[in-house]
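Per Swiss-Prot, the features are:
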- 17-24, 65-69, 123-126: GTP binding site (BINDING)
- 39-47: motif 'Effector region' (MOTIF)
- 194-224: region 'Disordered' (REGION)
- Cys223: S-geranylgeranyl cysteine (LIPID)
- Cys224: S-geranylgeranyl cysteine (LIPID)
Amino acid sequence: MPQEEEAEYLFKIVIIGDSAVGKSNLLNRFTRNEFTEKTKATIGVDFGTKSIEIDNKTITAQCWDTAGQERFRAVTSGYYRGAVGAMIVYDITSKISFKNVTRWLNELREMAEQDILIMMVGNKSDLEMSREVPTKEAQAFAESNKISFLETSALNSTNVNQSFERLLTDIYHLVSSKKPMVVDDTQNWLVPNQGKKLTPLSDPAPQLTANTTSTHQEKKSGCC
């Protein structure tokens with residue numbers, strides 16, 4: 001039997017932002033092509049993986065959906081380690097979630113690697129009649145902070161794949177232009193190793209307060 005094709009690059013992406021902006025549905029739409037009308041707030045972390053082709057290379061994205069609720073900030077801080085990309089999500093119908101992008105951006109730049117690539121996503125573009133955040137305002141913010149920007153709808157799939165694929169493509173081009181990176185043995189995180197196939201290390205994930213699986217954890221009330 002032919003061997004299953006291995007990913008040539010494995011990129012860890014963290015999805016952050018306030019609770020109820022739609023992070024879990026963005027993750028599920030991209031990795032599983034699923035959408036749940038009434039999702040509940042993620043406890044701890046959820047993650048999913050998906051492989052795509054970029055320049056004839058197999059790129060696997062390991063996407064982590066971290067809890068956006070304030071009481072989980074201490075938990076999520078550990079998950080920035082090893083991330084080469086980040087998606088900061090706000091809800092276009094919630095001005096406060098957009099204002100809080102600044103806090104998430106500052107936290108990300110404080111805790112993550114210096115050269116992490118960032119995309120800001122304005123989710124729920126299907127709710128145009130309830131919009132509180134003008135597209136031009138968000139675009140200007142993204143440009144002033146030198147980050148990418150797209151508006152998406154996890155409900156109808158608008159720009160979901162495009163947002164992840166653009167971020168992954170930017171990461172790939174950055175990584176492939178550099179010398180090989182070294183695996184951080186202290187954290188056992190898989191990081192890009194230019195042009196070489198990656199094989200999982202033993203126990204690749206850190207200890208979590210909630211068990212990480214590729215499906216949702218036990219959840220509490222509220223929307224994510």
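Even glycines carry a Cβ here, placed using N, Cα and C.
Averaged across the motif 'Effector region' (39-47), the predicted model reaches a pLDDT of 63. The number of other CB atoms found within 10 A of the CB of Gly17 (GTP binding site), across every protein chain shown, is 26. The Cβ neighbour count for Thr66 (GTP binding site), using a 10 Å radius over every protein chain in view, is 23. In the shown protein chains, 20 other C-beta atoms lie within 10 A of the C-beta of Ser125 (GTP binding site).
The DSSP secondary structure for Gly17 (GTP binding site) is strand. The Cβ neighbour count for Lys23 (GTP binding site), using a 10 Å radius over every protein chain in view, is 30. Take the CB of Ala20 (GTP binding site) and look out to 10 A: across all protein chains shown you find 18 other CB atoms.
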